[in-house]
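For 34-73, the entry in TrEMBL reads domain 'Leucine-rich repeat-containing N-terminal plant-type'. Summarising the annotation, TrEMBL assigns signal peptide to 1-28.
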Amino acid sequence: MCNHMEKAYSFFVSLLLLHLYLLETCISKNIVINTDQSSLLALKASFTLSSSHTLTQNWSSQASVCDWIGVTCGSRHHRVIALNISNMNIFGKNIPPHLGNLSFLVSLDLSKNYLHGDIPQDLSRLNRLKVMDLSYNNFSGEIPMWFGFNSGFISKLETLSVRNNLLQGSIPKEIGNLENLKDLILFENQLTGSIPLSIFNISTLELLGLSGNQLTGSLPVDICRRLGRIK
């Protein structure tokens, strides 16, 4: 009788522990998904949108973030892996730091809008990011040095495009630390100073766009052989 009760008790404890584990897993999953949702809602709050704008109603806490326009989630973890709100007539200033909480983000495309302010340092926390396209906006300030300082960030980034903005100052030599960079597109800004030679040490670089600035200095003699395209 006692042995039977011990087995029943052991089974009950195991079942309880399994239940607690599943509950904790579900809670944890909901927390991270809600983090993605709240991050994008903070981004939306920084925009100036008309009542008829697509994002005004579509980006709502009443719907799953994975169903929002411009948002792509991964099939395994259901985390946001891509954000593409290019060419959506969005006005806004100062991207909020919350965007750096999208820890599974691989591709970020905010191009062809009317966004102002500096490129926020919080984007350096996106250590899975491969593509960052901020082109055709009104971002100002300097190209941030943290592009090459953060070891997690530099391990993935392949495309960096900030063409047709209002960026000033020199190109930081730290960009040469972006060891997987393929496309560096800096056309039509207000950049000055010399072209840092560290850029030409990036063995993966295929496209380098520098025209439309006030840059000085010379290029390595073998640059045309080493790069696929240079403009």
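The chain as shown is numbered from 1 upward.
Glycine too: its Cβ is placed from the backbone N, Cα and C atoms.
Note that the structure is a prediction, hence the values are computed from the model and not measured.
Counting residues 6+ beyond its ends, the domain 'Leucine-rich repeat-containing N-terminal plant-type' (34-73) has Cβ neighbours under 8 Å at 79-85, 88-96, 98-99, 101-102, 104 in the same chain. Looking only at the domain 'Leucine-rich repeat-containing N-terminal plant-type' (34-73), the predicted model's pLDDT averages out at 94. Residue counts for the domain 'Leucine-rich repeat-containing N-terminal plant-type' (34-73) by DSSP state, with H, G and I taken as helix and E and B as strand, are 20 helix, 5 strand, 15 coil.
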